[in-house]
Amino acid sequence: MTASNAAIHLYGASLRHGQVRALDAVSLRIAQGERVAIIGPSGAGKSSLLHLMATAIQPSSGRLELLGEQPWALSARARQRLRARVGLVHQSPPLPPRQRVVTAVLAGRLGQWGTLRGLLNLLYPSDVPGARQVLAELGLADKLFVQCGQLSGGQLQRVGIARALYQRPQVLLTDEPVSAMDPVLADHSLALLNRHAQATGVTLVASLHAVELALAHFPRVIGIREGQVVFDCPAEAVTEQLLDALYANEQLAPPPTQGPTLTVQIPRC
């Protein structure tokens, strides 16, 4: 992979929230059209990493290159144009309760439309067939004119996915996109995202708690722990030993016993 074909390139990126280091010198490259899952324990920094990639937050140190641009070296207007090429699916999509589903989906292209068209779309949805089509792929065609406040958590997540698919971004970042869905819907939704990415050449990155879904749907898996990359390898190379090291919980470990000092090496992919 060369820098020229990297959709996302992080150079020693760190992120601090006050005294807490959320990300610690993360360096990685994700090629255009790649499909990558990010896994790790709660609080590992997965969401922070995705939001940094989306330019929602600026790294405290280090550098991000996104689609060949350095976002934080751009003017605010140029950075906004860059963001319009990136889709971000939130774990809990920030959809107003009284907003209709059709409007929520069409809002995926607000960054590509002018102000007037965006405002008119709130009153008179401009592409009802397009919204219906993408919702149908997620089993929500019958919810087209329902208010978002009437939907379940899993349905809201599917609306968030539909919105991102309608946007047609070059990079699609998804933060726990199926956490509120039952296993069948979660599997279907991730399969749909992957089919869409393969068909359109979109770069797809998803943070997931469910390791089995990450391994089943994504060719490349990155393990994050305490803000650092623990492993980065093909899904078929992820071993039980790697997962044990990634999810080891010192608070749940049994009390230490007296014995010789052991040196433990974490296997590399």
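Glycine too: its Cβ is placed from the backbone N, Cα and C atoms.
Feature annotations, courtesy of Swiss-Prot:
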- GLY40, PRO41, SER42, GLY43, ALA44, GLY45, LYS46, SER47: ATP binding site (BINDING)
- 8-251: domain 'ABC transporter' (DOMAIN)
State the count of C-beta atoms found within 10 angstroms of the C-beta of SER42 (ATP binding site), not counting that atom itself.
9
Would you list, in sequence order, the residues of this chain other than GLY40, PRO41, SER42, GLY43, ALA44, GLY45, LYS46, SER47 that have their CB within 8 A of the centroid of the site's CB atoms, where the site is the one recorded for ATP?
SER207, ILE224, ARG225
Near LYS46 (ATP binding site), which residues of its chain come within a Cβ-Cβ distance under 8 Å, counting only those 6 or more away in sequence?
ILE38, ILE39, GLY40, ASP175, SER207, ILE224
If you average per-residue pLDDT over the domain 'ABC transporter' (8-251), what number do you get?
95
Using all protein chains shown, find which of the binding-site residues PRO41, GLY43 scores highest when you count other CB atoms within 10 A of its CB.
PRO41
Just how many other Cβ atoms lie inside 10 Å of the Cβ on ALA44 (ATP binding site)?
23
My understanding is the cutoff is Cβ-Cβ under 8 Å with a sequence separation of 6 or more in the same chain; which residues meet that for GLY45 (ATP binding site)?
LEU15, ALA22, LEU23, ILE224, GLU226, GLY227, GLN228
